[in-house]
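K.L.:
Grabbed the feature section from TrEMBL, which reads as follows:
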DOMAIN    4-57  domain 'Acetyl-coenzyme A synthetase N-terminal'
DOMAIN    66-447  domain 'AMP-dependent synthetase/ligase'
DOMAIN    510-589  domain 'AMP-binding enzyme C-terminal'
Amino acid sequence: MVMYQDAKTQAQEDPKRFWAEQAAQISWYRPPQQILQENSDGTHQWFADGTLNSCHLAVDIHIEQGRGDQLALIYDSPVSETKATFTYLELRDAVARFAGVLSQMGVVKGDRVVIYMPMVPEAAIAMLACARIGAIHSVVFGGFAPHELAVRIDDAKPKILLTASCGIEVTKVIPYKPLVDQALEEATHQPDQVVVLQRPQMSAELKSGRDLDWYQVQEGVEPADCVAVGALDPLYILYTSGTTGQPKGIVRESGGHAVAMHYALREIYNMQAGDVWWGISDIGWVVGHSFIVYAPLMGGCTTIFYEGKPVKTPDAGALWRVIQEYQVQGIFCAPTAFRAIRCEDPEGDLFNQYDVSSLKHIFVAGEKLDSPTYHWLHELAQKPVYDHWWQTEIGWPVTAPMTAWGETSIRQGSTNRAVPGYDVQVLGADGQVLEANEMGAIAIRLPLPPGVAQTLWQNHERYLNAYLGAFQGWYFSGDGGYLDDEGFVYIMGRTDDVINVAGHRLSTGEMEEIVATHSAVAECAVIGVNDDLKGQVPVGLVLLKAGAQYEHETVEAELIALVREKIGPVACFQRAIVVERLPKTRSGKILRAVLRKVANGETYTVPSTIDDESILPEIEDNMRREGLVR
Ligand code: COA
Ligand code: AMP
């Protein structure tokens with residue numbers, strides 16, 4: 001208790017000293033003298049004059065410290081029936097060679113490289129190779145459609161694009177290369193070269209002059225060494241959903257990120273060098289960046305790189321099998337994965353076939369941990385299950401137990417207390433700090449700690465508006481919730497158009513933009529509806545253009561296909577229904593929050609600004625008939 005309070009107070013009262021001590025725990029080429037500076041627009045700079053290299057910290061340093069023969073990465077792929085291991089020495093050689101390839105292609109510090117790949121070790125090698133030469137990687141999740149990839153290519157303007165011939169989804173082989181070709185047809189910007197990893201499950205056609213084979217390009221190439229980059233130089237751009245079709249390019253600075261990764265891995269997750277850690281996610285998401293690749297490797301752990309699902313590859317015992325096989329000590333997973341496992345193995349028959357005694361604890365985040373799943377998992381695994389909260393912009397946990405300090409208390413429904421370094425408060429509409437147990441906007445007092453994005457790629461204005469504009473002196477998270485008397489934080493969900501589908505962050509605003517492009521659609525609202533497996537799923541409520549005769553079922557099917565084509569299968573947009581009218585305010589704004597409550601069977605108050613009250617019972621009936629009301 002003393003340690004938590006002391007650390008929290010120290011971080012709040014003297015952030016420079018607190019973070020200078022954390023920064024001293026990592027190996028810089030030039031240790032920073034300037035710890036924290038404020039910019040005139042309210043953003044901050046951490047460790048501005050420090051230089052380092054994130055690949056050096058994740059790979060080479062462990063060889064220098066005598067851990068070269070320790071396993072750095074274990075690749076386990078039930079979908080391709082492949083397993084492989086890399087010691088730190090082997091990983092260094094593979095990364096240095098690929099960094100040499102990129103250098104030979106003319107990639108220099110500050111150039112962008114887009115990575116659109118499945119969960120194969122080459123993807124991690126590519127990320128680290130970029131870091132090695134100071135190039136900025138931008139990984140795009142494989143479940144996104146060509147249009148989404150094209151939007152990101154046009155924003156990041158990569159010199160090189162790295163991909164694979166295919167991904168493997170349970171039993172389906174998904175050709176990736178045709179998706180890349182399609183994206184490049186749509187994109188204005190064109191990379192100089194596309195490097196393709198040919199997988200045995202499916203080989204891709206290579207376009208002459210532009211496309212190159214992953215392994216052929218490595219022949220005879222000189223390995224490249226780590227270059228020094230500035231603490232403020234971007235390590236990566238990761239696009240995440242905002243409220244429009246234009247995703248936000250989150251920029252992660254090298255210095256603050258490295259300091260934050262070390263702090264989080266050690267103090268929150270309680271992992272030490274030599275421990276085996278498994279971040280159960282995908283490199284396309286922030287969890288993959290922070291807790292599959294960078295943090296566990298920077299901490300000298302062995303990281304599990306899993307290409308498979310929690311169920312069906314081959315069954316709901318997959319997680320427990322991996323934990324037993326590699327003696328995993330800590331895991332991080334989205335609650336949806338446990339809901340999927342529970343659905344298929346409710347009594348734990350598969351669980352009982354494995355020995356998971358190596359496991360210290362289970363961390364979950366990415367979406368709300370519902371109480372039945374928490375209790376089921378805790379009783380089954382007999383391990384502490386810690387809910388914690390963060391977001392892509394932030395890059396590492398905001399509220400979490402500091403397990404290394406023995407701070408292991410759990411309040412079911414809470415994502416725990418603020419990690420020292422964050423001052424988390426709940427604000428009212430006019431920016432005042434609310435009392436305990438009062439519901440409001442979850443915000444973090446500036447300065448934000450190291451590692452948190454301070455800008456969006458090529459769009460600083462949008463950053464300022466989206467995050468710092470709502471409340472002067474605060475970062476607004478986009479989440480609503482409350483704190484209890486002892487500072488435990490309860491996240492109640494987004495206050496904007498962002499939803500979480502199977503732990504994947506998606507924009508209903510973007511889906512609306514796509515639905516609205518259909519020639520039959522006059523107006524639409526896409527809302528997130530609660531779902532037992534995926535947490536939330538999007539549902540479209542559509543008003544058709546007057547006068548024309550449209551077959552409702554045809555339009556609905558076309559809309560589903562359209563969203564899948566534009567955003568990708570990951571959107572899980574599987575319901576669109578035609579309605580007669582949509583409830584609006586007198587100023588014409590669709591009452592999406594009320595619609596969400598109707599669909600989720602929650603009680604709602606009719607807003608005083610509503611234009612026509614009679615629409616609500618009508619639409620409720622309509623949604624009930626369609627089986628949309630829970
Ligand atoms: N490449 C190509 N397609 C992909 C993909 C990828 N990397 N990932 C998902 N997809 C596709 C799936 O094949 C599926 O397509 P379909 O509609 O043709 O069947 C669609 O996208 C939806 O996938 P998903 O949301 O994964 O649903 P699912 O029913 O296949 O699996 C779960 C459900 C719960 C098992 C799965 O979502 C899961 O493991 N979730 C964990 C989430 C997670 O790790 N989130 C990371 C943030 S912490
Ligand atoms: P992402 O940027 O994809 O990590 O998504 C971040 C969003 O996911 C947050 O703003 C929250 O809305 C939600 N989220 C993340 N972790 C949790 C959690 N533990 N409980 C509830 N919601 C969460």
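Every residue, even glycine, has its Cβ placed from backbone N, Cα and C.
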K.L.:
For the domain 'AMP-binding enzyme C-terminal' (510-589), report the average pLDDT of the model, please.
P.N.:
93
K.L.:
Which residue counts does DSSP give the domain 'AMP-binding enzyme C-terminal' (510-589) for helix, strand and coil?
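P.N.:
Looking at the domain 'AMP-binding enzyme C-terminal' (510-589) with DSSP, the answer is 24 helix, 27 strand, 29 coil.
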K.L.:
If you run through the domain 'Acetyl-coenzyme A synthetase N-terminal' (4-57) with DSSP, how many residues end up as helix, strand and coil?
P.N.:
23 helix, 9 strand, 22 coil
